[in-house]
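Novice: Structure incoming, see below.
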Amino acid sequence: MTDSGTTSKPSGMQRFLAMVEGLGNRLPHPTILFIWLCLGILALTAVLSALGVSVETATGTYAVNNLIGNEPIDLQNPRNGQVVASYPSGWQYLFSTLTPNFVNFAPFGMVVVIMIAIGVAEHSGLIGATIRKLVVSVPAKLVTPTVVFAGVMANIAADAGYFVLIPLGALVFWGLGRHPLAGLAAAFAGVSGGFSANLVITSLDPLLGGFTQPAAAVGDSLLGTDFAETMNIATMNYYFLIVSTFLVVVIGTLVVNKIVEPHLGEYKPTEDAELPEMPEGASPKETRALRLAGLAALAYAALIVWTAVPMEGNLPLQGVFSTASLAPDTIAALEARYGSVNITHAPLFKTHILVTILFFFFLIPGFVYGRAVGAFKTGSDFVRTMEKAALSMASFIVMVFFMAQFVAYFNASNIGIVIAMQGAELLEALPADTTAGRIALVLCFVVLSGFINLFMGSASAKWAILAPIFVPVMMTVGITPAATQMLYRIGDSSTNLITPLMTYFAFVITVGAKYRPGFGIGSLVSLMLPFSISFMIGWTILFLLWAFAGLPLGPGEAVFFTPPQ
């Protein structure tokens, strides 16, 4: 579709986009896809087991288990090869583990906990009011970076980021005499293109890490390493994500000001354009509520610092999450492994403690704001916001049920170890363990992740499929699990802006059509393509500079390592 709605011959780009949309629409719903993947992996276990497929690794011998057979099966811990569970048959395994696979799925509980708290902040109006206050009140010359930055931070709560900031970005640009589609592009670039950047940990971090950890255990079995055991699934990319926030803001601002807006030219609305009214700033009540919520957040942050910094004294909560609270044998083990103990080894950075801290970080300011503006008049009002958040996760919970089964079957069958071993042997024939080889692998994996994202929208669903294959294979050439996950996130986020299968793509088109009737898929993709290309190039360069500077991606997480011989 073109902006003018003419029936001229489609361009090559339009034909490509039509093909992407058509192929993507043929894919089943992600939940159905995982049902088929479960059935496929079960059938594959029967075939490979009948063929006697097995591999020898640093921790032992792993044969493919037939999960739909009558013969006994042993489940081995890939970290040490020890048998952790035995079943008289594959069928007994399937019927015995259906519920535990779901209940014990690591990312599930953490994501639900964080999203309930974010739901309170969102439905109380705090997130929307913060976005409006931030964008509407800044000086005109800072509007572009502010809109992009607000978009990056708003991806904590997807709905608020898309439904509030994208229309608001277009409005603010129009009110300043700039092209509204440039404002739309700036907001969309921040929210969607900056999906893998933030100053705080989001629900996506433990969700993706929950797939990376078992995949790393497979790599550990090949190499005799212990990445899965020492991994913090919520913070493994955190340092890089913080810096990525500013990278996205800088690149997004440059693309808007130097490429997109000059290309769009002066905005001249047509007679049938639906121009909405400019939004007002926060009301006095909202301003007061924002101030109170901000004070509550600062007080809570001060409390967390109090718990994390070792100090003399015995006051309540003092230093309970600091390194001083570690047991002597734990300190000795850390010193033996890392040479010294620092703040990143504190209990504060333990995944479950961190998730609890984030829960109250969103819950407390959200509650304070809701009370101040009258959104929470009774306790029932407060509870209903958490119920709304839980209802919004219904499709996620259903998908996770089948996703958890797929991950469990993949690991229990030992197919992941077999694939990783074969992939490692393939890479041995290539110079992948050299600097040039690693750079080539980095570039190829980023591009592959971005390409797959054009056809399949869900970041977690894609990683659930890719992680068990690529994490252990990349480990064999010295690329850490945390690095492989970050490379995936770079490729995935970069093409979020140009895939018609992205959940909110239709909404963004609807907003654009208010300012330019006939604005369609081709219009939006052509508008966002400079961002997509620039993000992928800039992010990959940052990653390579980061890697060769020897900087950690997160607490205790390097980019490269030397695999044991």
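Note: Cβ is positioned from N, Cα and C throughout, glycine not excepted.
According to TrEMBL, the protein carries these features:
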TRANSMEM  33-55  transmembrane segment
TRANSMEM  134-154  transmembrane segment
TRANSMEM  160-177  transmembrane segment
TRANSMEM  184-204  transmembrane segment
TRANSMEM  238-260  transmembrane segment
TRANSMEM  289-309  transmembrane segment
TRANSMEM  351-369  transmembrane segment
TRANSMEM  390-410  transmembrane segment
TRANSMEM  436-456  transmembrane segment
TRANSMEM  463-483  transmembrane segment
TRANSMEM  495-515  transmembrane segment
TRANSMEM  527-549  transmembrane segment
Novice: Counting only CB pairs under 8 A, let me know which of 33-55, 184-204, 351-369, 527-549 has the most with the transmembrane segment (436-456).
Specialist: 527-549
Novice: Looking at the stretches 134-154, 160-177, 289-309, 390-410, which one shares the most CB pairs under 8 Å with the transmembrane segment (33-55)?
Specialist: 390-410
Novice: Which range wins on Cβ pairs under 8 Å with the transmembrane segment (289-309): 134-154, 184-204, 351-369?
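Specialist: Looking at each of 134-154, 184-204, 351-369 in turn, the most contacts to the transmembrane segment (289-309) are made by 351-369.
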Novice: Using a Cβ cut-off of under 8 Å, list the residues of the same chain at least 6 residues beyond the transmembrane segment (238-260) that approach it.
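Specialist: 144-145, 148-149, 152-153, 181-182, 185-186, 189-190, 193-194, 196-199, 201, 205, 486, 527, 530-531, 534-535, 538-539, 542-543, 546, 551-555.
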Novice: Are the transmembrane segment (527-549) and the transmembrane segment (184-204) close enough that 3 or more Cβ pairs fall under 8 Å, when only pairs 6 or more apart in sequence count?
Specialist: yes
Novice: Cβ under 8 Å to the transmembrane segment (527-549), counting only same-chain residues 6 or more beyond its ends: which ones?
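Specialist: 181, 184-185, 188-189, 193, 240, 243-244, 247-248, 251-252, 254-255, 259-260, 439, 442-443, 446-447, 450, 483, 486-487, 490-491, 493-495, 497-498, 512, 559-560.
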Novice: Determine which residues of the chain contact the transmembrane segment (134-154) at the Cβ level, with the cut-off under 8 Å and only residues 6 or more beyond its ends counted.
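Specialist: Result: 127, 160-161, 164-165, 168-169, 172-173, 176, 183, 186-192, 194, 197-200, 245, 248-250, 252-253, 256-257, 279-282.
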Novice: Which residues of the same chain, at least 6 past either end of the transmembrane segment (390-410), have a Cβ under 8 Å from a Cβ in it?
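Specialist: Distant contacts of the transmembrane segment (390-410): 30-31, 34-35, 37-38, 41-42, 45, 67, 97-98, 101-102, 105, 107-108, 111-112, 115-116, 119, 159, 211, 214, 416, 458, 460-461, 464, 468.
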